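Structure, as structure tokens:
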Ligand code: 2RA
């Protein structure tokens, strides 16, 4: 007997990706239940070659459900995740609502798989922010090899990270430029078509944005609190795929060749680094892929043990839906969650 798994926020960008990936990876589910707010109830969503009807998150009884993959936003998660967890259903939450709680594990399976063991306190496990997930997949093997001292990240984040409205805004503004219609800003504070915006999420008192703060806090929580890290997060007019230019300073010596070999063997990483025209990966090529792609690996001669790398990944997959499903797979593989209908 397999698992019963709910997907909350099933009509959103990430929720739909979760349903696709559950089917693609043959997650051992007997039943998959798409959930959303009352206004989406009755809508159809795809799960493999089947069509499922969306049900109401607010009236659903979670007591017979093993997992809830939650991608319904922070406010919904704050309210519902504890209630769902209390019904014995393990929540894997894609919002930022629980990531920074000391008693909620924040997990990327390639980086800190053992952290899942702590989930029983609340029955909630947090999925990191998309820009952090791909970053730590690449940093972890390098940290193990030469101990990272400091990281400077500039992100180039696609509009799908901002949801469907953000994707529509890029599409509509791009079209408007070509047909000479007025440009309308709804989701972004400045025009996104043919532009870049150094602002994602809200501003904080120190002048950083919340997106930048998330990269710092989450990298420290999952990888090493001693790592010094700073970030500039930028929205770019790309539909899917986040890129990051990353400068890393190490305690110990590490050459570009050594880093390339280490990353080639590292879980979740795929090195494409040919040092020739086109010998690197761009966001457009990573859409629909599971890997974290690493290119442009080179030494930074301005510091003692420094490297520069370029990281690209599909933000809806490794940055969100795929990572959540990998966490569920890890819980199953370790026997930490067993199917309720099997135990009965
Ligand atoms: C973004 N990081 O790209 C967010 C999504 N989680 O806006």
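Glycine residues also receive a Cβ, built from the backbone N, Cα and C atoms like all the rest.
Now, the feature entries from TrEMBL:
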ACT_SITE  130  active site, acyl-thioester intermediate
ACT_SITE  242  active site, proton acceptor
BINDING   99  phosphate binding site
BINDING   157, 235  substrate binding site
DOMAIN    4-119  domain 'Semialdehyde dehydrogenase NAD-binding'
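Structure with TrEMBL features highlighted.
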residue: 99; record: phosphate binding site; DSSP (3 states): coil
residue: 130; record: active site, acyl-thioester intermediate; DSSP (3 states): helix
residue: 157; record: substrate binding site; DSSP (3 states): strand
residue: 235; record: substrate binding site; DSSP (3 states): strand
residue: 242; record: active site, proton acceptor; DSSP (3 states): strand
Cα distance (Å, whole number) from the residue listed as 'active site, proton acceptor' to the residue listed as 'active site, acyl-thioester intermediate': 8
C-beta crowding around residue 157 (substrate binding site), within 10 angstroms: 25
Residues that sit under 8 angstroms from residue 235 (substrate binding site) by C-beta distance, when 6+ apart in the chain: 157, 159, 161, 162, 188, 192, 196, 197, 198, 199, 200
Inter-residue Cα distance where the pair is the residue listed as 'active site, proton acceptor' and residue 99 (phosphate binding site), in Å: 20
Other CB atoms within 10 A, centred on the residue listed as 'phosphate binding site': 23
Which same-chain residues, if any, lie at least 6 apart from residue 242 (active site, proton acceptor) yet have Cβ under 8 Å of it: 130, 131, 134, 155, 156, 157, 158, 161, 283, 312, 313, 315, 319
Three-state composition of the domain 'Semialdehyde dehydrogenase NAD-binding' (4-119), taking helix and strand from DSSP: 38 helix, 32 strand, 46 coil
